[in-house]
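Have a look at the structure below, then the notes.
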């Protein structure tokens, strides 16, 4: 059944911006002109914009003002592939409003977040003091993919120019049911690994002449999955390890395998870093099989932003107040979920908070959000920006 579009006489500016961006088929790492549109709109507001193309990835860095308080908005214009088109009720790159819902790829993740901030910037920019605030837009087309040349590169670029962000608001879809019900102040880290276990091939009828690599591997798997990682706390999930794949190569049922490759992923708390976790995993593996080889890939560091004593420089406080004003309730402060680009900007000196629309349909067929969630997010973002000059 197809979606029947609704007719709206005067759509809100955030909805208009969302429809413009969602109509661009920006499947990662393609930007499809999204950043050109943003650059056009931001330059009209007085931003100085730079565009960089790094290994096929488009990055936009926009700067307004020159004050000592550095506030940044981080977002991504790329989206995941739409999947089977026949399962969509409307074309994924032809945004449709129906029954007060906005449908299309990027409706939740995260072109509406960018659109809400663009609308909020138009509303608030005249009230900001350029002598007090430096306002950054940091946008990439490489968040859904490898994330090697997007926000990671932008942060390194800013660091080389001695730019120290105080606050970074990430427009990822952080909410559960309604915009403002949940914000993210940290994320667990992620580390993937590959273990190679060697045995000796032989006939299954003569096990004494062979060494079964799977049997050896199972002991390693048992040690890893039963290791007592910390269970976490109320404000940060604990460390978990999952075996994601095992491979012996070609298979017949009368041969004892000579080698096994084990793939695993660890989601870890801020109590570890990549180096300390890798060393612990090596120790666990070598305690079972000294000859096993292990390598690591796709590291993502954990981070946790904590409240600042200085309320004027506390992004968490500003976000909570803005959400209370817009919704009448305070948000749940969470660190759940997968990795995000917030990890690239987080530091002891930079508070990172994710605030966005509900994430219930992200990466799904018929991705959508309620229009009320978009409009609420625009109000929240506007209030956050206005708080920078209070």
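Here the Cβ of each residue, glycine as well, is placed from N, Cα and C on the backbone.
Per Swiss-Prot, the feature active site maps to 78. For residue 78 (active site), the same-chain residues lying six or more positions away in sequence with a CB closer than 8 A to its CB are 26, 27, 28, 29, 30, 31, 140, 141, 142, 143, 144, 145.
Under the heading active site, proton acceptor, Swiss-Prot lists 143, citing sequence analysis as support. Other C-beta atoms found within 10 angstroms of the C-beta of residue 143 (active site, proton acceptor) number 27, with every protein chain shown included.
Taken from Swiss-Prot, the feature Zn(2+) 1 binding site covers 76, 109, 172. For residue 172 (Zn(2+) 1 binding site), the same-chain residues lying six or more positions away in sequence with a CB closer than 8 A to its CB are 109, 110, 113, 184, 340, 341, 342, 354, 356, 359.
Cβ-based neighbour count (10 Å, all protein chains) for residue 144 (Zn(2+) 2 binding site) stands at 20. Annotation comment: Swiss-Prot describes 109, 144, 363 as Zn(2+) 2 binding site, evidence class sequence analysis.
Comparing the binding-site residues 76, 363 on other C-beta atoms within 10 angstroms of each C-beta gives the minimum for 363.
With a 10 A radius on its CB, residue 109 (Zn(2+) 1 binding site) counts 26 other CB atoms from all the protein chains.
Cβ proximity to the Zn(2+) 2 site centre (mean Cβ of 109, 144, 363, cutoff 8 Å) flags the following additional same-chain residues: 79, 80, 110, 362.
Under the DSSP three-state reduction, residue 144 (Zn(2+) 2 binding site) is assigned to coil, being neither helix nor strand.
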